[in-house]
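Asker: Handing you a structure now.
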Amino acid sequence: MKNKLPPFIEIYRALIATPSISATEEALDQSNADLITLLADWFKDLGFNVEVQPVPGTRNKFNMLASCGQGAGGLLLAGHTDTVPFDDGRWTRDPFTLTEHDGKLYGLGTADMKGFFAFILDALRDVDVTKLKKPLYILATADEETSMAGARYFAETTALRPDCAIIGEPTSLQPVRAHKGHISNAIRIQGQSGHSSDPARGVNAIELMHDAIGHILQLRDNLKERYHYEAFTVPYPTLNLGHIHGGDASNRICACCELHMDIRPLPGMTLNELNGLLNDALAPVSERWPGRLTVDELHPPIPGYECPPNHQLVEVVEKLLGAKTEVVNYCTEAPFIQTLCPTLVLGPGSINQAHQPDEYLETRFIKPTRELITQVIHHFCWH
């Protein structure tokens, strides 16, 4: 029953008080089961059918899909339930206690992005879901901050094909229709150790990596020259060499060298295409030194994403907000949800608060966010 739903600020407070940190380091990683249970119970109280889905390959993580209404199409509102870890020494407040001060709501996940679910639930108080003409879906995912395993698994397994979707990441209520992807690789070269007094008796991995880096930098130049998307502030794919390590002593021939690099592809560039370009760039080294060079993923890759600028979702949201859609450089779950339906990224709070100590959401976003959610539900589920 709707009268069982707590007030908006109490929903917000309960979400922030329920830890759901995701991290690659097992000691820091937490299940989101308690948070999913909270959300599931509230959406059931509002008359939604709720499905909780274990996400394979995770440490006890779950997705939740709440649905109401019949038929095809409809609207999907989506977000992730996890937060990043926090640095206790840099927070001046308890990360798990929602506090309000000077027009700001503080707490871990206030902006990125547990708060979005509080806004959805609050907006639905005044919506008679029994009268929806098209279905409304609410998706809460797991592990966005690490592998995006929840969104990947949902997109791979669901039969849903809504008319459109909105992911409530913090965009300061500026609609986002495209962003770059992210690929992170480790280049490893296995040499042969030996005493530095006789270089011919070994294979110096640092020297081979020097050769490989030259080819990688040529790839970087080629990407900049061949691919352009003028809407981005950096209108080409970027390639960064971020970390390198090799050798253990000045008088030993280096036996192993490892380089970590990333590429941020433009929308429309496929992961297979990028892998092919990287392998082609490194082919001269691999051919000269067979079996000594390997390329491994550091993280699951994220493709670029774009919602067609002339889609009805873009037109409706731009009209409601009086603002044009933007493109951004950070990544979200949109590439995976976009495989199901046209998708925008749009939510309260600033991306500048994401992953920051003393994270907050400004209270000025409360009224317009509630109004926006109500309006998009009316447009896509009642018309």
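For all residues, glycine too, the Cβ spot is worked out from N, Cα and C.
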Asker: For the Zn(2+) 1 site, Swiss-Prot lists H80, E169; sort out which one of D45, D102, D112, D198 goes with them.
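Answerer: Candidate listed by Swiss-Prot for the same site: D112.
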Asker: Determine which of E145, E318, E326 appears in Swiss-Prot for the same Zn(2+) 2 site as D112, H355.
Answerer: E145
Asker: With a radius of 8 angstroms around the mean position of the C-beta atoms of H80, D112, E169, what other residues of the same chain does the Zn(2+) 1 site pick up?
Answerer: G79, M113, F116, E144, E145, I167, G168, P170, T332, G347, A354
Asker: Just checking the recorded positions D82, D112, E144: which sit within 10 A of H355 (Zn(2+) 2 binding site), CA to CA?
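Answerer: Those near H355 (Zn(2+) 2 binding site) - Cα within 10 Å - are D112, in sequence order.
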Asker: To see if you understand the setup: which same-chain residues, six or more apart in sequence, place their Cβ under 8 Å from that of H80 (Zn(2+) 1 binding site)?
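Answerer: Those within reach of H80 (Zn(2+) 1 binding site), by Cβ under 8 Å and sequence separation of 6 or more, are M113, A140, T141, A142, D143, E144, E145, G150, A151, E333.
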Asker: Quick check on the recorded positions: of D82, D112, E144, whose CB has the lowest count of neighbouring CB atoms inside 10 Å?
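Answerer: Candidates: the recorded positions D82, D112, E144. Fewest Cβ atoms within 10 Å: E144.
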Asker: Around the Zn(2+) 2 site recorded as D112, E145, H355, what other same-chain residues have a C-beta within 8 angstroms of the site's C-beta center?
Answerer: T83, V84, M113, A354
